[in-house]
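Data first, discussion second: the structure below is written as structure tokens.
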Amino acid sequence: MPLTARQRSIHNKNGTKRSASFSKGKKTRKASESEFLMTNAPSDLRSIAYPGGAVALVLLLTSRLLAAYWSHISDCDETYNYWEPLHYLVYGSGLQTWEYSPAYAIRSYMPLWLFALPAKILSYIMAPITVFYTIRVILATLSASADFMFYKAICHEFGVHVGRVWLCLTLPAAGMFASSAAMLPSAWSSALVAAALACWWRKRYPYAVVLIATTTLLSWPFTAILGLPIAIDMLLLKRQYTEFIKWSFISLLVILLPTVAVDSWHYGRLVVAPWNIVAYNIFTEHGPDLYGVEPWTYYFVNGFLNFNIVWVLSLSCPLLLSACTAVAPRSTSRAGFCVPYWLALLPLALWLVVFMLQPHKEERFLYPVYSMIVLTGAISLDCLQKMTFAVGTELFSWRKDREKRHYLAYTGPLMVMFVILAGIGGISRITALYNNYHGPMTLLRHIPESSKSGILCFGKEWYRSPSSWHLPHHHRMSFITSQFDGQLPAPYQETSDGDNGTYVDVSQCHYLVDSDIGTPTRLEPAYHKQTNKWDIIATVPLLDSSKSHPLFRSFFIPALSYKNIVYANLYLLRNKLLIN
């Protein structure tokens, strides 16, 4: 496709020669960013194809909206710490965790209200399950919009080739599929950080500061770490002290004050939730290490599951950039208006170092840098192409064409091979997740609508609940005793912030979720076999991970996966004594 002057200026970052001025006879002056034109680039580079704005946006929207509908809730924190309180704000009922207790107050209600307001309006015309998926669509749309900003900024800062590779790698990535529509602060921060970095690279500093402040104060306080490179650029390199202080102060007033007001109203006392979560995780004896302590290898394995070969490329980025600079130094040179590589990629390095050193590790903790993981993977692939071309010009007949042809003309197949491998790996992982864990998202649809109230109970499968949003009107969720001895959430009450009514007797349950995973015990009997008390009204398949091969349960491989994994049953039971 023909390129505009602006697009040709972006192409220059792929290592082609630049001309500082194109106006002959005029007084020499320092060229501006918009004047970098590719006046003598090889003809094959002029016709390089890459998705334009509209195409890229449609692709991102399609990918993220598919995730909104097909992805499951992979973390019980999403159910109990966000979907349940949101259900309480909209419908007046839900489950409350200890984090929302006034004694701790480490969760803010402010970001939930941003979703509760449109959800409340929709609740008058839609069933709760429809509202649930509509909110997911909103989350996916916001995520796609942030990713679109990130894509445009990559094309501007790192070149359109890196941009198109990033787009090809992010669309089928399992990590992006899991995070883009999740109701989690780390997922919101993923979008806000991507937008902030995009604004930073485009020199839109006020927006970058505001977005970092938003993710810090309204979403997840620890993402302030990701704003450190922006602060370094503004304060130490650009010396924009006034702009940084001004917009930081404005953000503090506009975001923090309403947040404090809303949370103080909910908790009945002065509460600064962003500070409370930092204080709890850093300045208490146990910190966040009560649950989720994992070995140092956790993120390496998890990163490969979510990004496969892209994760390997991402971790290799510093090494490959250094090697590329040594082998082909001109190919890694940066235009004067670009942020240095070390600073542009510093957010990812900071985040990985900080969170890999923490004992408490969870998949969602890496959500804020998922876009950066794919970016560094794309940069690494670009470096491999440049080094392949540099070596090829010395060893093969490419040398005579070195000045006539671009490195992409020879190394395109290498890029295509990596993109296809990454895409197959991502789709394989997404398919495995859907086949193995999507059942709970559909099971509760079999509860019939009724004008009478009812209680749905979870026992040993408490962590698989998709939330109260999946229940008909007038129904509520509760728990029966099981082998789990941790603290489960309790129902919100109209006159207080919660009570101790976590458990109910199994005889009070109108419906019960059970499974045939594991060996029955006194506290966890096989309720689905008690046919004198319970009717099975629905069954969905569920992976029995203890009996399945680790590789084939992690990735779907046709003709092999079903031979090497074992599915159990998740049952929805109806109490015969309470419901005729």
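Placement of Cβ uses the backbone N, Cα and C atoms for every residue, glycine included.
Any TrEMBL annotation is an automated prediction that lacks curation.
Database features (TrEMBL):
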type: REGION; residues: 1-28; note: region 'Disordered'
type: TRANSMEM; residues: 48-70; note: transmembrane segment
type: TRANSMEM; residues: 121-144; note: transmembrane segment
type: TRANSMEM; residues: 165-188; note: transmembrane segment
type: TRANSMEM; residues: 208-232; note: transmembrane segment
type: TRANSMEM; residues: 244-262; note: transmembrane segment
type: TRANSMEM; residues: 309-328; note: transmembrane segment
type: TRANSMEM; residues: 340-359; note: transmembrane segment
type: TRANSMEM; residues: 365-384; note: transmembrane segment
type: TRANSMEM; residues: 407-427; note: transmembrane segment
*asked:* Quick test of the contact rule: Cβ under 8 Å, at least six residues beyond the ends. What residues does that give for the transmembrane segment (309-328)?
replied: 15, 169, 173, 303, 341, 345, 348-349, 373-374, 376-381, 383-384, 386-387, 389-391, 418, 421-422, 425
_Using Cβ atoms and a strict cutoff of less than 8 Å, what residues sit near the transmembrane segment (48-70) while being 6 or more residues removed from its termini?_
1, 11, 133, 136-137, 139-141, 143-144, 147-148, 151-152, 155, 160-161, 163-164, 167, 170-172, 176-178, 180-181, 408, 430, 434, 438
_Using a Cβ cut-off under 8 Å, which residues of the same chain at least 6 positions beyond either end of the transmembrane segment (244-262) come close to it?_
108-110, 113, 205-206, 209-210, 213-214, 217-218, 231, 234-235, 270-274
_Within the same chain, where does the transmembrane segment (121-144) have neighbours whose Cβ lies under 8 angstroms from its own Cβ atoms, ignoring anything closer than 6 residues to its ends? I mean 6 or more beyond._
57, 60-61, 63-65, 67-69, 83, 86-87, 90-91, 115, 179-183, 187, 190-191, 445, 467-473
